[in-house]
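S.K.: Found this in TrEMBL, in case it helps:
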type: DOMAIN; residues: 509-559; note: domain 'Cationic amino acid transporter C-terminal'
type: TRANSMEM; residues: 60-79; note: transmembrane segment
type: TRANSMEM; residues: 91-111; note: transmembrane segment
type: TRANSMEM; residues: 212-234; note: transmembrane segment
type: TRANSMEM; residues: 254-275; note: transmembrane segment
type: TRANSMEM; residues: 296-320; note: transmembrane segment
type: TRANSMEM; residues: 340-365; note: transmembrane segment
type: TRANSMEM; residues: 392-410; note: transmembrane segment
type: TRANSMEM; residues: 416-437; note: transmembrane segment
type: TRANSMEM; residues: 449-472; note: transmembrane segment
type: TRANSMEM; residues: 478-499; note: transmembrane segment
type: TRANSMEM; residues: 511-530; note: transmembrane segment
type: TRANSMEM; residues: 536-554; note: transmembrane segment
Amino acid sequence: MRMAIESNRSSFSSVKSYVNALRDTPRRVVRRAGSVTTTFDETSHVRFRYGGSMRKTLRWYDLICFGVGGMVGAGVFVTTGTASHDKAGPAVVLSYAIAGFCALLSAFCYTEFAVHMPVAGGAFSYIRVTFGEFMAFLTGANLIMDYVFSNAAVARSFTTYLGTAIGVSAESKWRITITSLPKGFNEIDFIAVLVIIILTVIICYSTRESSVLNMILTALHIIFIMFVIIMGFWRGDSKNFTEPSDPTRPSGFFPFGASGMFNGAALVYLSYIGYDAVSTLAEEVKNPVTDIPIGVTGCVILVTVLYCLMATSMSMLLPYDLINPEAPFSGAFVDKSNRLNWVSNVIGVGASFGILTSLLVAMLGQARYLCVIGRSNIVPVWFAKVHPKTSTPVNASAFLGIFTAVIALFTELDVLLNLVSIGTLFVFFMVANAVIYRRYVSVETLSPWPTLSFLICFSCTSVIFTLLWWLVPPGKPKFFVLGACFIVICGLVVVFNYAVPQARKPEFWGVPLMPWIPCVSIFLNIFLLGNLDGPSYARFGFFSALAVVVYLAYSVHASFDSEEEGIVNLESGIKESIELEDLTPKLQK
């Protein structure tokens with residue numbers, strides 16, 4: 001009887017109902033787009049509405065392994081070569097250190113949310129409780145599409161590296177070319193599909209078993225990485241840090257100057273993406289208060305050390321102008337005598353393990369994003385179902401696994417330099433803004449506009465700085481213009497820090513040095529966005545427009561129906577109940 005009543009009330013119960021809903025779209029958008037949930041909402045009945053909570057089986061060491069596995073994939077084996085050869089030279093070592101510092105700042109922002117609100121939604125849930133439903137849907141949709149396309153590309157690269165490991169040309173031996181299909185979609189890769197299906201079955205079966213598999217693969221991958229590092233220090237020469245093979249090329253540790261080092265950092269930062277997937281596992285962590293901070297920050301620090309050592313090893317093996325941008329580590333061990341060519345095969349094996357771990361973690365993360373988006377009723381609730389036996393989001397995992405496998409079967413994607421598009425950096429930017437907003441705005445705040453005004457002004461000034469960095473020719477005028485812009489950026493933070501008091505402080509764990517660390521994260525993410533190419537922005541614009549269409553055609557009406565039926569209790573606007581939020585830490589204990 002209840003289901004029949006709900007069906008009659010639904011905007012999708014008949015063509016007439018849907019047409020009436022479309023006519024009412026403007027009012028519904030005004031009512032729903034800015035509506036926020038509370039952290040109490042996210043950690044209580046929203047979690048149990050469709051199949052209960054996910055089983056808490058993970059500890060801090062699981063999170064560190066997931067983070068390392070998610071980050072140390074195929075990207076580092078290519079981005080290092082391009083960053084060294086074209087951007088930074090031997091200073092690529094410092095580029096990795098700078099990029100690691102940027103990643104750590106973003107990880108701090110994720111950690112504060114994950115500790116206070118240990119749910120599977122990750123960035124989607126963080127933005128939903130801060131900026132409302134529409135912005136959460138927009139960022140979540142882009143993030144899922146980034147995951148799907150990146151995972152499809154990573155799976156295809158597994159075929160390539162596996163061929164390298166055993167000395168077989170994957171393109172000619174393992175892929176089937178269909179001439180009737182358009183170029184870029186005509187190389188069929190069944191191995192990539194098989195890998196995705198196997199990993200999908202594993203993550204559907206159990207998160208605990210997925211963690212064990214990830215630990216094994218990550219351990220093997222680190223062994224291969226240490227092998228590469230040791231070989232580099234053994235076979236390398238420290239003079240390669242300062243002397244190129246071609247005397248006419250710029251020499252020294254900073255052959256392209258400080259700007260080259262930062263440009264290299266912008267490129268290699270993409271090798272750090274993956275720690276955000278760890279936050280989606282927060283609902284399955286036994287002790288979020290202690291395990292999440294250790295797990296998230298620990299994996300970023302460990303990966304930074306490994307990357308810096310790998311970059312040092314590569315810089316010692318060859319002068320920067322001889323490094324192969326496409327295969328820096330494999331190419332470094334190829335010599336005329338063929339004595340060390342076997343090392344390239346070993347590197348192919350290590351890269352294969354790295355691809356499997358990064359693919360496993362990414363597929364875990366994407367399924368949990370979609371599961372929580374389903375809980376919010378802005379996509380079909382079928383995706384929110386948690387299987388009672390496995391305690392995993394089986395429906396979301398299976399759907400995204402099949403979707404990813406279909407794309408990986410046909411589509412040739414440029415994975416090695418574009419694993420993560422503008423969408424992911426946009427989400428990091430939004431999470432850093434959300435941390436500041438939640439610290440300085442609450443129900444007791446008279447107006448949120450001082451904080452919103454600061455965030456808008458700070459972001460705009462950061463965009464101006466980034467444009468000046470890339471467009472103004474080198475020289476003293478550029479130095480003074482950038483210096484003046486930087487002083488303005490710092491001045492904005494100082495004025496905001498003294499003029500606007502914090503509305504709340506975290507009880508368990510919070511980002512230190514507020515608002516400086518999130519502001520630096522915002523600035524660096526904007527700066528890194530400036531390094532992306534035009535096609536990345538085009539793809540972001542296309543999927544954002546597509547997400548807006550889906551929201552207006554389906555999501556806002558489904559969300560409106562849920563509110564009308566009393567299934568979801570959301571508060572309109574941007575304010576949140578402190579009384580309910582104060583109960584959240586007690587529920588977590």
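Cβ from N, Cα, C; glycine included.
What TrEMBL says about a protein is an automatic prediction, not a curated fact.
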S.K.: Taking contact to mean three or more C-beta pairs under 8 angstroms, with sequence separation of 6 or more, is the transmembrane segment (340-365) in contact with the transmembrane segment (212-234)?
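M.R.: Yes, the transmembrane segment (340-365) contacts the transmembrane segment (212-234).
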S.K.: Of the residues in the domain 'Cationic amino acid transporter C-terminal' (509-559), how many are helix, strand and coil by DSSP?
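M.R.: Here the numbers are 40 helix, 0 strand, 11 coil.
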S.K.: Rank 91-111, 254-275, 296-320, 478-499 by Cβ pairs under 8 Å to the transmembrane segment (212-234) and hand me the top one.
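M.R.: Answer, by Cβ pair count: 296-320.
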S.K.: Please give the sequence-distant neighbours of the transmembrane segment (536-554): residues at least 6 beyond its ends with Cβ less than 8 Å from one of its Cβ atoms.
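M.R.: For the transmembrane segment (536-554), the list is 22, 25, 29, 134, 137-138, 141-142, 145, 378-379, 418, 421-423, 426.
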S.K.: When you scan the chain for residues with a C-beta under 8 Å from the transmembrane segment (478-499), skipping those not six or more beyond its ends, what do you find?
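M.R.: Answer is 450-451, 454, 457-458, 461-462, 464-465, 468-469, 472, 515-516, 519, 523.
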S.K.: Near the transmembrane segment (91-111), which residues from the same chain, at least 6 beyond its ends, have a CB less than 8 A from one of its CBs?
M.R.: 80, 83-84, 122-123, 126, 253-256, 260-262, 264-269, 271-272, 275-276, 278-279, 292-293, 296-297, 300-301, 303-304, 307-308, 311-312, 314-315, 320, 428, 431-432, 434-435, 509, 511-512, 517-518, 520-521, 524-525, 528
S.K.: Looking only at the domain 'Cationic amino acid transporter C-terminal' (509-559), report the model's average pLDDT.
M.R.: 86
